[in-house]
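**Q** Starting off with a structure, shown below.
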Amino acid sequence: MGAQDPSNSSSFNIAKNQNQEASSKEKSVDDWLPITSSRNAKWWYSAFHNVTAMVGAGVLSLPFSMAELGWGPGVTILVLSWVITLFTLWQMVEMHEMVPGKRLDRYHELGQEAFGEKLGLWIVVPQQLIVEVGVNIVYMVTGGKSLKKFHQSVSPNSPDIKLTYFIMIFGSCHFFLAFLPNFNSISIISLAAAVMSLSYSTIAWTTTVAKGVQPNVDYSYKATTRSGAVLDFFSALGDVAFAYAGHNVVLEIQATIPSTPENPSKKPMWKGVVVAYIVVAICYFPVALVGYYMFGNAVEDNILLSLEKPRWLIAVANMFVVVHVIGSYQIYAMPVFDMIETFLVKKLNFVPCFKLRFFARTTYVALTMFIAMTFPFFGGLLGFFGGFAFAPTTYFLPCIMWLVIYKPKRFSLSWIVNWACITLGVMLMILAPIGALRQIVKTASSYKFYS
């Protein structure tokens, strides 16, 4: 038997040590990044995280959307969107750990598993960023507007203050909250936000019931022309359908839940999702249906504006909206923080440290606040541009991934349901931006920078 070559043995040991060092470095980076740093969440964390991500202040505009859709189409779209998005969310929860021994902790990682390393990244990341950054900017505006409405309610005779200053006040708190390192560290904020969303939704519909059906209530379309009614319908279609768009943070939320072969993370995650969707239904359906029933097509685009009194209750509801969008901003910002910090550390080889996190997160919050102050009408623009990202990431991208990965038999139930969702999602992606563009044209004359 020949003697072993010492140089080969030495090379093997060097390679082994290098692999161990690389693995150790990779683990230390993952332990620092916000999505993978903490995996001790409970099932109820996923419940209120999902409620906070999904229920926005847009729930208060659902009666107005119903007025543009009408009873039959409105109820159908409201229910169908709830069912389809629950189905696609279930698919994402199931696919989180479809590869044995591996967790797909981020939406783009699932995309890479389905479409390949590069293509998956380019398909998912741009759309996810449009949604998350866009929503963060809109929440800056929403928070500022709600603060202004609160101020006007409690001090109606005070001089008018520009919306820009209220956006600055709202944004200032995020310069501090942004340094909470991960999803689990913002769980209290997210819980408070979820409670607030349920609270202001309840205030909206119960106060509407107390006000009663208005005299001469009219359920016909407000638009006087057929083309106007159709375009309003498309706009409302997008508003209702995108009210369920919380899928962009689902895998990132699931990544915080512990997982073992005996008890995979999908069990507690799905339990939380079901609870979240029940809460979402409790928030959405009464507000949409009761608000439209009581006011008809005369309902304002924010149901609280139709109520006006009692003034103190409207003020409380607006403050609840402020607390809610504080939590929602953090939920949508966390995956963006993760992307930025991953790029800085893994691609540009920066050392993970507080200074790096301080610079990255402060810059992001300042940027979203600046855009919100400059373009307070950004929500209208997001309805158009966001339509091209909300529909795929929520309605049909999970279905396409499911078909690519699991390859169900043609014309099987799974195959038919997925293709039905894809078809409806593509139609939504085409029609909703058309309606949103019409709204931009109608309201463009009122757009003012730094209003």
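Each residue's number is its place along the chain shown, starting with 1.
Glycine is treated like the rest: Cβ placed from N, Cα and C.
Because the structure is a prediction, the values reported are computed rather than measured.
Pulled from TrEMBL, these are the listed features:
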- 1-22: compositional bias 'Polar residues' (COMPBIAS)
- 40-436: domain 'Amino acid transporter transmembrane' (DOMAIN)
- 1-27: region 'Disordered' (REGION)
- 43-62: transmembrane segment (TRANSMEM)
- 74-93: transmembrane segment (TRANSMEM)
- 119-142: transmembrane segment (TRANSMEM)
- 163-180: transmembrane segment (TRANSMEM)
- 186-205: transmembrane segment (TRANSMEM)
- 274-295: transmembrane segment (TRANSMEM)
- 315-337: transmembrane segment (TRANSMEM)
- 358-378: transmembrane segment (TRANSMEM)
- 384-405: transmembrane segment (TRANSMEM)
- 417-441: transmembrane segment (TRANSMEM)
**Q** Taking pairs 6 or more apart in sequence, does the count of Cβ pairs under 8 Å between the transmembrane segment (315-337) and the transmembrane segment (274-295) hit 3 or more?
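**A** No; fewer than 3 Cβ pairs under 8 Å.
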**Q** Does the structure show the transmembrane segment (384-405) and the transmembrane segment (417-441) touching, where I'm treating 3 or more Cβ pairs under 8 angstroms (sequence separation 6 or more) as a contact?
**A** yes
**Q** Taking the transmembrane segment (43-62) as the reference, which of 119-142, 186-205, 274-295 gives the largest number of Cβ pairs under 8 angstroms?
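**A** Going through each listed stretch, the top one turns out to be 186-205.
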**Q** Can you tell me which recorded stretch out of 74-93, 119-142, 163-180, 274-295, 358-378 has the most Cβ pairs within less than 8 Å of the transmembrane segment (417-441)?
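**A** Per the Cβ count, the answer is 74-93.
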**Q** Taking contact to mean three or more C-beta pairs under 8 angstroms, with sequence separation of 6 or more, is the transmembrane segment (74-93) in contact with the transmembrane segment (274-295)?
**A** yes
**Q** With a Cβ cut-off under 8 Å, give me the same-chain residues at least six positions beyond the ends of the transmembrane segment (119-142) that come close to it.
**A** 56-57, 107-113, 163, 167, 170-171, 245, 248-249, 321, 325, 328-329, 332-333, 335-336, 339, 368-369, 371-373, 375-376, 378-379, 382, 385-386, 388-390, 392-393, 397
**Q** Looking only at the recorded stretches 186-205, 274-295, 358-378, which one has the largest tally of CB-CB distances under 8 Å to the transmembrane segment (163-180)?
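**A** That would be 358-378.
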